[in-house]
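As structure tokens, the structure follows; a few thoughts come after it.
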Amino acid sequence: MEKVIFYLLAIIMVASAIASVSSRRMLRSVVYLLFVLIGAAGLYFLMDYNFLAAIQLTVYAGGIVVLIIFSVLLIQHIEMELEIAKSSRRWFSALLCLMGLSIFLGTIYSHPFAVAETTSTTTVAEIGRALLSFEKGGFILPFEVISILLLAAMIGAITIAKGGKEIKQEVPESLDIDKILQDAKQQAEEKVMELESSTKN
Amino acid sequence: MELNSFLLMRHEILLFSIILLLLIAELFLPRNKKSSMIHLALVFFGIHTAVGFLPLAEGSLFGGMFRSNEMIHFFKGVLNIGVFTLLLQSAQWLEKNMLKQDRGTEFFLLLFASLLGMYFMISAGDFLMFYIGLELSTLPVAALAAFEIMKRESGEAAVKFILSAALASGVSLFGISMLYATNGSIYFEDIMSTLTATNLTLLGFILFFAGLAFKISLVPFHFWTADVYQGAPISIASYLSVISKGAAAFILMILLFTVLKPLMHVWEPLLYILALATMFTGNLFALRQQNMKRFLAYSSIAQAGFILLGLVTGTQLGTATVVYFVTIYIFSNLAAFGVVQAISSQTGKENMKDYEGLYRTNPKLSLVMMLALFSLAGIPPVAGFFGKFFLFTAAASKGYYLLVFLAVVNVTISLYYYLLVIRAMFLRKGENPIPFFKSKIYMKLGLFIAVMGMLALGLYSPLYDYIYELSAAFN
């Protein structure tokens with residue numbers, strides 16, 4: 001039964017991952033990505049990592065995808081379609097991807113992994129304790145440093161978003177000599193005409 | 001864990017307090033007094049640098065996630081001086097161009113956050129802290145590269161940088177996950193005893209190495225370097241090429257010589273090939289550059305190749321020479337970038353052609369530039385010569401004669417293009433040379449520190465002995 005569910009999830013994930021990168025509309029790509037993320041959450045449930053699966057659903061499927069959709073909507077029109085690459089380039093990158101995939105799969109499948117014997121699930125209380133523990137296996141330091149990272153990222157984002165006033169360059173605009181000459185000529189001719197008409201009167 | 005054991009993290013805690021203090025000061029300072037932010041930040045960081053040289057105990061915290069010893073402590077001190085010099089050099093640019101746009105404090109906040117990431121990366125005792133340190137040191141720099149946001153090139157540089165950095169750290173993280181899968185731990189101590197050269201471990205190592213190689217801009221991963229350096233503000237190009245590269249080279253050395261030592265038979269030939277490729281590519285591309293920032297970018301790629309030369313050896317001599325060389329490189333490149341910064345913030349000129357006849361109008365600046373380029377090229381009176389000489393000795397003592405020979409060929413090539421700049425400054429007259437100008441006191445001080453560092457490292461030999469003594473910690 002577990003195997004059936006696993007393969008079902010895997011097929012959904014791989015299919016929507018391929019659809020996500022090959023779709024020509026940004027918004028559709030994002031929605032396909034959502035299926036990949038939900039599938040990953042399903043895999044975590046299958047392995048009894050309940051907390052991780054919940055986090056995956058709330059943070060990735062819930063938060064991050066919404067963020068991506070927002071930025072897509074802010075930047076692009078919904079109808080806009082991405083360009084299609086040249087077919088030679090497409091084949092080349094497909095070949096490269098397949099080669100990479102075969103190398104990775106070959107190495108991972110040939111590795112003799114030690115099968116873990118413990119099957120007990122990690123409770124939220126244990127995770128919470130590990131997150132704030134400073135002994136070996138505790139994560140208080142990374143936890144704190146990540147908050148500094150978030151602070152820095154926020155400051156950086158504000159710096160970029162707040163923009164800047166345009167500095168006026170002192171370089172003159174490109175001189176269109178022909179146009180200037182023509183204008184001058186026209187003005188001179190008009191003046192001459194005026195003068196002539198005034199002298200006639 | 002006792003309270004006074006936090007003293008081991010003195011660098012980190014002090015720097016983070018400075019970040020918070022500046023953040024609060026920015027809130028309460030009136031709008032028309034923003035220029036005093038620069039002085040405030042300089043004073044704070046000056047104190048931090050000075051305090052950093054007080055001796056520090058050895059040990060590890062948080063179950064081995066954070067560790068420190070005298071070598072790490074020494075290198076943090078070097079990074080501090082480097083950043084301090086850089087701040088001095090960029091004060092004029094900040095005051096002249098950035099304060100008008102109501103930006104200035106952010107520069108310090110982001111730069112210090114990035115430096116904090118480097119501290120954590122150097123002190124990391126496990127892959128998690130290493131990775132977070134790597135991210136913390138990279139992410140703020142992307143925002144800094146876009147600091148002159150009204151310039152198109154600046155934004156472009158930032159986008160290029162963040163995309164390639166994200167790819168590199170993603171690849172690196174994938175590699176780390178493989179190392180974790182095969183060893184069952186992320187702590188360096190645990191991995192050291194279980195690491196064996198299975199296929200999956202090697203794949204993980206290579207992916208992990210690629211992420212760091214991106215930061216040092218070794219050759220297959222160097223494409224971002226020249227574009228980003230050219231587009232970003234000079235201070236940030238200088239930061240990327242000096243501080244960021246120095247710290248990454250240092251952490252690469254620590255990892256290779258301790259955790260990844262069991263894989264030495266794998267990374268030795270890898271580094272051998274990468275060293276050659278990096279040196280040749282960097283040098284050959286540097287030959288035809290006209291923009292000074294691009295020129296220094298390719299020159300710094302070539303220098304990274306020399307750093308690998310010392311890493312190949314894997315001995316105590318290798319450690320000492322690499323640290324010595326990186327320290328010299330930091331000061332020399334700071335001086336070179338400082339002169340480019342001084343000229344650019346005064347006149348806005350960045351091309352090699354504009355430097356023609358500089359000696360006649362600004363003799364002191366061109367003298368500093370000459371010393372810096374001599375040091376980068378490795379000409380005797382300055383420190384760079386000893387740095388390269390010791391590197392070659394270290395490599396030759398392990399029997400890499402061919403590698404040393406090819407490296408010497410590269411030194412000759414590099415001599416040619418470094419002398420091109422010197423010829424432009426001293427021998428060419430130039431149609432309209434840069435007129436004489438006086439730099440501000442901060443800039444003068446910044447250049448002075450860089451030049452003193454170069455001279456002291458070359459002429460005062462106890463410094464090298466000190467580094468050699470410290471490097472026993474990693475073997």
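Every residue, even glycine, has its Cβ placed from backbone N, Cα and C.
Quick look at what TrEMBL lists:
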type     : residues  : note
DOMAIN   : B:124-413 : domain 'NADH:quinone oxidoreductase/Mrp antiporter transmembrane'
TRANSMEM : B:13-30   : transmembrane segment
TRANSMEM : B:37-57   : transmembrane segment
TRANSMEM : B:77-94   : transmembrane segment
TRANSMEM : B:106-122 : transmembrane segment
TRANSMEM : B:128-149 : transmembrane segment
TRANSMEM : B:161-182 : transmembrane segment
TRANSMEM : B:202-224 : transmembrane segment
TRANSMEM : B:295-317 : transmembrane segment
TRANSMEM : B:323-344 : transmembrane segment
TRANSMEM : B:365-387 : transmembrane segment
TRANSMEM : B:399-420 : transmembrane segment
TRANSMEM : B:441-460 : transmembrane segment
Outside the transmembrane segment (B:323-344), six or more residues from its ends: residues with CB under 8 Å to it:
71, 74-75, 78, 82, 85-86, 89-90, 92-93, 234-235, 237-238, 241-243, 246, 249-250, 253, 292-293, 296, 300, 303, 306-307, 310, 350, 354-355, 358, 365-366, 368-369, 371-373, 375-376, 382-384, 386-388, 390-391, 434, 439, 443, 446-447, 450-451, 453-454, 457-458, 464, 467, 470-471
Is it true that the transmembrane segment (B:295-317) and the transmembrane segment (B:37-57) have 3 or more CB pairs under 8 Å, sequence gap of 6 or more?
no
Relative to the transmembrane segment (B:77-94), which of B:13-30, B:161-182, B:399-420, B:441-460 accounts for the most Cβ pairs at distances under 8 Å?
B:441-460
Mind checking which residues of the chain, 6+ beyond the ends of the transmembrane segment (B:106-122), have their Cβ under 8 Å from one of its Cβ atoms?
11-12, 15-16, 18-19, 22-23, 37, 41, 45, 66, 72, 75-76, 79, 83, 87, 90, 94, 98, 129-130, 132-141, 143-144, 147, 235, 239, 243-244, 247, 250-251, 254
Of the listed stretches B:37-57, B:128-149, B:399-420, which one has the most C-beta pairs under 8 A with the transmembrane segment (B:13-30)?
B:37-57
Checking distant contacts: for the transmembrane segment (B:37-57), what same-chain residues at least six beyond its ends satisfy Cβ-Cβ under 8 A?
7-8, 10-11, 14-15, 18, 21-22, 25-26, 29, 68, 70, 73, 76-77, 80-81, 83-84, 87-88, 91, 94-95, 104-105, 108, 112, 442
